[in-house]
C-alpha cells in the first residue's frame, strides 16, 4: 500500500465516481429502452428493463453514499450518450455488451480498492458485480430467445402487462434467487 492515506482514499473515490458515472448512463439507457419496449407493447420486457434500471439507481446511490463517507463529492455526470431508436434484438445485444464492459471495469476498480486497502469499497464492488452478472445473464438469455425464435418469441411477449407497481425493488431483488 504505497502512498499516504489521503492519496489512497482519493484513488478509491476516483474509481467510485467512474463507476457512478457508468451507472448514471445505464439508468438513462435502460429507462429509455423501457419506454420504447412499452410503446411497442412488449410489457414483460419493458417491466424487466425498468427493474434493471432501478437496480442501477440503487448502485449509483450506493456508490454516492460511499463517496460521501470517504469525503468525496459524487459525480452527477453520466458516462456516454444514450442510444435511442434501437430495434428489439439490438437492445439486448448492446445491453449485454454494456453489462460485460461494466463487469470488466468494476473488476479492475475492485483491484484498485484492494490495492489501496479499502475492503469496505471492495466488498461493495463485489456485491454489485454479482448483480451486474445477473443482468448480463438476463440480457444474454433474452437475446438468445429473440435470435433463435425471432418473431414467435416476440409475439408471445406482445400484449403482456408492463406495470411493475409503485413498490418496485429492482430486477435483482424481485427475481427469486437460484437455490
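The backbone N, Cα and C atoms fix where each Cβ goes, and this holds for glycine too.
Under the heading Fe cation 1 binding site, Swiss-Prot lists 23, 56, 59, 132. Remark: residue 56 (Fe cation 1 binding site) has 23, 26, 27, 30 as non-local neighbours, by Cβ distance under 8 Å and separation of at least 6 in sequence.
In this structure, residue 56 (Fe cation 1 binding site) is part of a helix by DSSP. Swiss-Prot lists 56, 99, 132, 135 with the feature Fe cation 2 binding site.
Residues or ranges marked as Fe-coproporphyrin III binding site by Swiss-Prot: 57.
Secondary structure counts, DSSP: the domain 'Ferritin-like diiron' (1-150) has 121 helix, 1 strand, 28 coil. Per Swiss-Prot, the feature domain 'Ferritin-like diiron' maps to 1-150.
Fewest other C-beta atoms within 10 Å: among the binding-site residues 23, 99, 132, that description fits 99.
Model confidence over the domain 'Ferritin-like diiron' (1-150) stands at 96, taken as the mean pLDDT rounded to a whole number. Annotated Fe cation 2 site 56, 99, 132, 135; additional same-chain residues within 8 Å of its Cβ mean position, judged by their own Cβ, are 26, 52, 55, 59, 98, 102, 103, 131, 133, 134, 136. The local packing around residue 135 (Fe cation 2 binding site), expressed as other Cβ atoms within 10 Å of its Cβ over all shown chains, amounts to 24. Under 8 Å, Cβ to Cβ, and six or more positions away along its own chain, residue 57 (Fe-coproporphyrin III binding site) finds 23, 27, 170.
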